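Colleague: Would you mind keeping the following structure in view while I ask a few things?
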Amino acid sequence: MHVKAETVLALLTPAPPSVVGQHVVDLSGDGWTLSSTALNRTVPGHLPSQVHLDLFEAGVIDIMASMILTFVGLRMPIGRIPATRLKAYFESTWLVFDGLDTFATITFCDQHVGSTDNQFRQHHFDVSQILKECKQDPVLRINFGSAPNIANTIAKSPDAEEWPPGVQITNEYPNRWYIRKEQSDFGWDWGPAFAPVGPWKPSYIVQNGHAELYVLNTDIDIYRQGQINYLPPDQSQPWIVNASIDFLGPVPCKPSMSIEIKDAATGSVLSSGLLQNVTVSGKSITGTTTIDGDAPKLWWPSGMGKQNLYNVTITVQNDMKKSLAKVTKRTGFRTIFLNQRNITDDQLAQGIAPGANWHFEINGYEFYTKGSNIIPPDAFWPRVTQARMARLFDAVTAGNQNMLRVWASGAYLHDFIYDLADEKGILLWSEFQFSDALYPVNDAFLENVAAEVVYNVRRVNHHPSLALWAGGNEIESLMLPMARRADPTGYSKYIGEYEKLYISLILPLVYENTRSITYSPSSTTEGYLYVNLSAPVPMAERYSNTTPGSYYGDTDYYNYDTSVSFDYNHYPVGRFANEFGFHSMPSLQTWQQAVDPEDLQFNSSVVVLRNHHYTAGGLFTDNFKNSSKGMGEMTMGVEAYYPIPSKSDSVANFSAWCHATQLFQADLYKSQIQFYRRGSGMPERQLGSLYWQLEDIWQAPTWAGIEYDGRWKVLHYVARDIYQPIIVSPFWNYTTGRLEVYVTSDLWEPAQGTVNLTWVDLSGKSIANNAGTPETVSFTVGALNTTNIYTTNISELSLPDLKDSILILSLSGEGRLPNASSKKAFVHQNHFTPVFPKDLSLKDPKLEVSYSPESRKFTVQATGGVSLYTWLDYPAGAVGYFEANAFVLLPGVPKEVSFVAQEGNVTDDWLQRVTVQSLWDQKVRD
């Protein structure tokens, strides 16, 4: 299918041929036309954009109608052209596209310019001669092909690689693994399958004079002298700044490079002068300089210190000292290292189990990684704005998170997103875009991937927030075992192909372009046996290790058997948890953005079909069978542990059920995060927790903690609480009755304090003799460690009624945050009930909420009993978060809570419509 779309460029501007310089035309804007022969429609277009967005704006389609839009990608190639003025006198003219999604054919002045087949690459085309020979007003055409159709065509070709049945994971559109496009565009279990096409990133026309260079890409690599990617850097060594520029234009004669490094906050100059060892390789110029190791202020992640940043300006000159190109990038000085080295004798002596490490170290310090996994924040990247991402990242830091895993296969993040992470101290574990599939290894595919890898590694390498490059998502831990089960005799072939792509190809490309970042071939891995960069396979992976008592690598864990959700004996014991979770419903307010009122029922067709867990496995618009399984899992989770909503009003009942699924999700994540954090002081020396997932791509049941419009689910509030630096946590074996209480700290030095243990009944009255439990326990917890402060058995306690009892755990301590000059106070509160919430003899807490304009805070109080899961909720019209939520509130102890408005208009009327509820309200029939 071909689409013809065109706009005429303005007449060339005459000028004397001696005029030199550079003329760059940004093609962004509204002066484009989108035409489709499939729909026989022509509508106004935009750049950057994608087909669905312009059709939606023109009123042709409704983006909310997901079952229809699934097929638009099959029928809607796109063409766009801007109108602008070009200069006739420049020596060279280039078309530069930062991102075309995905299969595009470009013509200029009716002449074929080139084609693209990779969404993740920057493309540039020399149109100098075409422009000179153009006899009429120049016309630019970009014709986009259907990615699903082209993927299917490739799959049917005689030389297409095939895999055993059942290995490749099809969510909706098949054959995604054959093409270099955002894999989740073909459907995933948390999002739609729109398969958009279009110019999703900015595009330019670049005109150069005789000697000028246009900077396509910049690689600034900052590392300690002698640093090697997979070994811990020596923090006593000076800094090396390696600057490399990729350019368009003639190779300069005897070029030189100069550098100026300024403090981004104060403007003071850290270093300036000529770079040394300047070399030219192809269309890249590279030079280095050395900076005293103590001169720069270090960049630290959130919660560990300041995010000190520097502006680095690189200038390229020719042998006549004429400036040919200049570029400025903001960066920071830090080392970040993924330690996968074998456990040492010293570590064994400390009680750490044998095996290998798997944790991150920042500037030479190991730290506890706290965070989540980020997916594409929208099905259409042109809608992702800086303001929207700033709001999301505010929620990340407010949630006490210091790292996000940038999941494959979405897309490589835009530079402005890394900029935000740099500012806010959010480490970004980044991945190449391969996920839950085996991929071809033919020469053409590998060549395409190589260009993609080099471009993106170089593009983002200057960001101090960059923490890791991983080869792909779950390839080693999921796909290789699936291949072995499906084809045991051919398993060596799939291992060989895996190593050819992720180790023999990608690893050397990463290490050739950065000395500062570690590379791991897969997101979930047991690490490596050894690294030999001169070997054909430079890293020997440790596959399927079963050594008893030894721990290797990181873990992911999903268990939808809700009967064992809170049995921590089922949680994986490892060095680092990089994925775990369970899905829940979004709030009523979010559903109302996407669903008609008559469909606001838990099992309505629209609601069920927006649940893509489990996916259709093909292009089916009536996936009730698989979707119902996921709905059933949420239902069973609620029914097993929480009061079952049964309200007379159908919308209120739907809202209560949505909230109930969020309670289950939040408690499950809390249980696991506490377990993993406690592992910091256990033999496994567990030093990381990244839950699945941070945010939503649309309004639907997913694993997200933040809904599509930015509203926090219960999960994000609970994760914020349990990610505090020092926490107190109960661990209950409900089979044996054993109860243990631990204090866990991620500070870098010991902390001290006390924990009050208070038993009350659900009316709020103290239980006699505190049920035989000590009222106060002192603690000292080591750096990055945990300590047991109390152990008992429920059968040994003097509890009159297990169903009418709750233990309140209140921690008060003192410690020093990393890089802080003085100690500070820490408080944390947790609770424990000896039966699950559904079996509690709940009392009506008689909650009241009021707002004070003077303090700008809400006051919540309970007058009738203990309020469990106290939940403040706000109406539509604004987006933000409460500073505390989903907490326990004792009668007679009012709590003040602020609301942080991120977007929208918080009026007096809006404030008065804030509501409060508790677990009691879940069971009350209105």
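Positions of Cβ are set from backbone N, Cα and C atoms, glycine also.
Worth saying up front: this structure is predicted, and the values here are computed from it rather than measured.
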Colleague: According to Swiss-Prot, which residue among Asn545, Asn819 is annotated as N-linked glycosylation site?
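Modeller: Out of Asn545, Asn819, Swiss-Prot attaches the N-linked glycosylation site annotation to Asn819.
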Colleague: Could you tell me the C-alpha distance between Asn785 (N-linked glycosylation site) and Asn40 (N-linked glycosylation site) in angstrom, no decimals?
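Modeller: Rounded to the nearest whole number, the Cα-Cα distance is 66 Å.
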Colleague: Quick check for the class: what is the C-alpha distance, in angstrom and rounded, between Asn733 (N-linked glycosylation site) and Asn277 (N-linked glycosylation site)?
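Modeller: Each residue's Cα considered, Asn733 (N-linked glycosylation site) and Asn277 (N-linked glycosylation site) end up 63 Å apart.
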Colleague: Look at the glycosylation sites Asn653, Asn793 and tell me which residue has the greatest number of other C-beta atoms within 10 angstroms of its C-beta.
Modeller: Asn653
Colleague: Starting from each candidate's C-beta and looking 10 angstroms out, tell me which of the glycosylation sites Asn40, Asn311 has the most other C-beta atoms.
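Modeller: Of the glycosylation sites Asn40, Asn311, the highest Cβ count within 10 Å belongs to Asn311.
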Colleague: So which of the glycosylation sites is most packed in, judged by how many other Cβ atoms lie within 10 Å of its Cβ, out of Asn277, Asn603?
Modeller: Asn603
Colleague: In which DSSP state, out of helix, strand and coil, do we find Asn785 (N-linked glycosylation site)?
Modeller: strand
Colleague: What does DSSP call Asn653 (N-linked glycosylation site) in the simple three-state scheme?
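Modeller: Looking at the DSSP assignment, Asn653 (N-linked glycosylation site) belongs to a helix.
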Colleague: I need the CA-to-CA distance for Asn242 (N-linked glycosylation site) versus Asn277 (N-linked glycosylation site), whole Å please.
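Modeller: Cα-Cα, rounded: 10 Å.
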Colleague: Using Asn653 (N-linked glycosylation site) as the reference point, find which of the glycosylation sites Asn277, Asn603, Asn793 has the shortest Cα-to-Cα distance to it.
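Modeller: Checking each of Asn277, Asn603, Asn793 against Asn653 (N-linked glycosylation site), the shortest Cα distance is to Asn603.
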